[in-house]
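According to TrEMBL, the protein has these features:
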type   : residues : note
DOMAIN : 141-335  : domain 'Leucyl-tRNA synthetase editing'
DOMAIN : 567-599  : domain 'Aminoacyl-tRNA synthetase class Ia'
DOMAIN : 652-759  : domain 'Methionyl/Valyl/Leucyl/Isoleucyl-tRNA synthetase anticodon-binding'
């Protein structure tokens, strides 16, 4: 099924209404895709922005709400003042928004959340059944981040060293190292932090919290960054040995992971070791490496080994001499028996923040009651809840969504009770509509249900999904979550939406060649540039560059090695290639053919204009082979040079070898080698005296997925009245795949002098005739008398020769 989904959600706020911009973009996308001849079923075109579509997005949200998988919570969120909206963790990169690169800060807000964590185990387990790249599976496994360990409670101490009746719960995957815990670290957003800070430390802690709020989770947990923190002035008791340990606040601990607090074991954790070394906190070694060689002295050792320095008569815990593997369950058992902890499975995956402070998004189908503040879902009969028309749809900048400006829309009544209420003014994120679009393709006009069950069973699951790896922990994970919920309520028949995923490689901009120059303007070879003084770089035109071995050098001076580099296409780099310009100059088929000829689909590839000129010439050769040479005025006669004759065996072999190769390479998405096979076929066909119509027709069908426009024209010129789109793809006949010719060694007087190609059924006379007329072998017969011929069919021809006897008196 070939279909196109047009989201139209990535619209920046300008003076033009986003609906107008979206429709304009959709029209442009549609025009470009049609110009390239993509075989989409345009009757199935959908737009996630249309009420007929997002009615069912809202319906899915209501199903999540009914099952307790949608809820509201006060959570620290990524707030982008410039965009005026909250962003998911995945939409924040290096402290700025993925779209626009605007600064992002952490800010507590009440938000709609989706409980994706309820499906964490299933999302992990079912990955094993999928034909996905292993790297993509690993990205999801790491994002979900399942770990097994223990939750342990550290009682908080007052100024006199007595327990205050409150404890800090930490999560650790290494309870065997509890005797090595010399301090605790709380995340800046930990709910207990404010109550723990001593008065003289309050100012410093508050300043630190403010600084931490400006960093993304990624920045805070970056392994290479310098660790920072502030002492709260408070202590807690290590439950294993009763020691008082200081409580710090540091941003390398996240409030969203585990309990938002950790027991720090600086001897056996790299981050903790860096922090303890910086702030002069004690480091206690409790794990001796199995293969101790002294290499870990002065740095953290995070591996397993034999436990030492881990006994307390006061608490009754003794794990000395045990291996790490043995000590972990013993500590957990002790913690559970003493009430100081329990076994715990944890996940890095957090619930999905589902609300956005934008105008252009699906309205959330709930109302908030005026009398009690309860959120009440709308009945299905009220769907779709459509967006109000707004002249001012820009962000408010206060955190209030733009929809709050639509006062007459916001003020409403609960459809069931008739009581006054107000509408939810947050909208759904851009991922909502894309979570289930593949199902809509299966049944795009259905107004009665999400998807017809019979059609869903026929089409689902998606056989092949082609997309970038950047979607691994965004769209692909969200879509799997929603699909599993739909499976649980019986809306779909499969556990997974996408059976096979292929990550296509990025097409980079054109290769840039750079040369080093010194202050005198002389070229300096790249391999010696680091040893030279002040240098600057100069870009070299492609026509002045030549490849020498593995490197590129100056054509006029091959001793000067250049730097060759490519960048992802972007406007800032000025290396964007507009497909419309390429189509205008070379035609759509040339663009299609070149993109497939650049290399395997999964590989990253640089754009090269000379490459498209090469495939353009190939298409010209195909045209001239089948249609004939141009007339004197440059035009071509009607029809083709093909004739209705039976093809020869050699012609059939060439064709069927091409068929099997192209078929295999299409199935393996190695389109470039499929094109190479067609090029080889064309080279062979140019040597034929006659060109059978049946051979050309089969070849044109092979060419059609790559170059549909020219193939269609050739198909009609070959005398066909119906489109080739409805013709079956050629199938290889195995009878023509076996090469009947073999290589036969030829000997003279027992010494191999060369080989000849013969038919498997070749006779002695036929083999000798070929050998005697061979340019290299015939010299061994000249001036000789053939005494004997030894022929083993299919194995060898051995000719016994003697010099000719010269008669007396003859010269």
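Including glycine, each Cβ sits where the backbone N, Cα and C put it.
Sequence-remote contacts of a segment are chain residues at least 6 beyond its ends whose Cβ falls under 8 Å from one of its Cβ atoms, and for the domain 'Aminoacyl-tRNA synthetase class Ia' (567-599) they are 32, 35-37, 505-510, 512, 605, 607, 611-616, 618-619, 671-672, 674-675, 706-710. As a whole-number mean, the pLDDT of the domain 'Aminoacyl-tRNA synthetase class Ia' (567-599) in this prediction is 88. For the domain 'Methionyl/Valyl/Leucyl/Isoleucyl-tRNA synthetase anticodon-binding' (652-759), DSSP puts the residue distribution at 58 helix, 18 strand, 32 coil. Residue counts of the domain 'Aminoacyl-tRNA synthetase class Ia' (567-599) by helix, strand and coil are 18 helix, 1 strand, 14 coil (DSSP-based).
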